[in-house]
Amino acid sequence: MTEAETLEKKKQQHKSSNGDLPPEAARDDAFDNTYKEKDGPKPPRIIVWRNVILMTLLHIGALYGVYLIPSASAATLLWSVVCFVISGLGITAGAHRLWSHRSYKASLPLRIFLSVANSMAFQNDIFEWARDHRVHHKYSETDADPHNAVRGFFFAHIGWLLVRKHPDVIEKGRKLELKDLLNDKVVMFQRKYYKLSVLIMCFFIPTIVPWYLWGESLWVAYFLPGLLRYTLVLNASWLVNSAAHMWGNRPYDKHINPRENKFVTFSAIGEGFHNYHHTFPYDYATSEYGWKLNLTTCFIDLMCFLGLAKDCKRVPHELVLARIQRTGDGSHRSG
Ligand SMILES: [Zn+2]
Ligand SMILES: [Zn+2]
């Protein structure tokens, strides 16, 4: 038996199912194979009409934003991309890799930046996002998964936000400890002033900057870097829950649904290596391949270089290879 295999075997004794846990910690983001869905009929689906109406209006507004693209200045288009990247990082580097998975440590200034960027993305506050996301990893593809992809593409993508949560999602979410989040002053501050911060960061700043600095019309600025950019970030994030749980290879673990999806990786600035990510949720790069198609990993490495982040967790290469051998679907390009 090679050293890597011995290491892998040791890890096996500590982990619940596919989590490959670092043995020192029982983690809330590791898959829990002891949970069983309740027998009998499923609870009725209760539609939240307020959300249906708001999401419909938002997407109509975004389509109108597409129509306005030819009338926007080059600076406004560039600003829209900047806002897309900042709000994307607020989700990927912030709510996801830092606060949900604790895959690296961030200094106070970086945490403040990421929380502000997170408000620009307007996808529920960091506390709620991270809680839902840990429940997603712990109970993937079951009733307790907030965006259970077994319920189909539409549900995993946006439908889960348009109906009341399954009771098991609420029950399991309440059982998570979340002490790290409760003790993080930046997370709690953002939660306290969430609505105001969203108004300022998601709508006011994207609209006012192009108007004030280069004379763009408020109308175009509201619909392009505002609504269209917001809607694109939302859909890019949702694709991780929908497309990356349905289409693609499973080189690391063929027994789970999450997959490697290049299109999602590109649109969600590095979050589409989803078979890898669910197999090794504590890896800060969410991928075996470092910077490849992974703007978020580039950003975290830049922050480390500037001394604003540290302690990035990575899975040893031998462990990844051993896992590919043991549970992969054979699609891994070795070498
Ligand atoms: Zn997932
Ligand atoms: Zn995750």
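From the backbone N, Cα and C atoms, a Cβ is placed for every residue, glycine too.
The annotation compositional bias 'Basic and acidic residues' is assigned in TrEMBL to 1-10 (among others).
Annotated region 'Disordered' per TrEMBL: 1-38, in sequence order.
Below 8 angstroms of C-beta separation, residues 15-19, 100-101, 133-134, 137-140, 142-144, 168, 172, 176-178, 256, 278, 281-282 of the same chain, each at least six residues beyond the ends of the compositional bias 'Basic and acidic residues' (25-38), sit close to that stretch. The compositional bias 'Basic and acidic residues' annotation in TrEMBL covers 25-38 (among others).
What TrEMBL lists as transmembrane segment is 52-70 (among others). Counting residues 6+ beyond its ends, the transmembrane segment (52-70) has Cβ neighbours under 8 Å at 77, 158, 161-162, 219-220, 223-224, 226-228, 230-232 in the same chain.
The transmembrane segment annotation in TrEMBL covers 76-95 (among others).
As annotated by TrEMBL, domain 'Fatty acid desaturase' applies to 76-282.
What TrEMBL records for 193-213 (among others) is transmembrane segment.
Feature annotation from TrEMBL assigns transmembrane segment to 219-240 (among others).
The DSSP breakdown of the compositional bias 'Basic and acidic residues' (25-38), given as helix, strand and coil counts, is 0 helix, 0 strand, 14 coil.
Across all of the domain 'Fatty acid desaturase' (76-282), the predicted model scores a mean pLDDT of 97.
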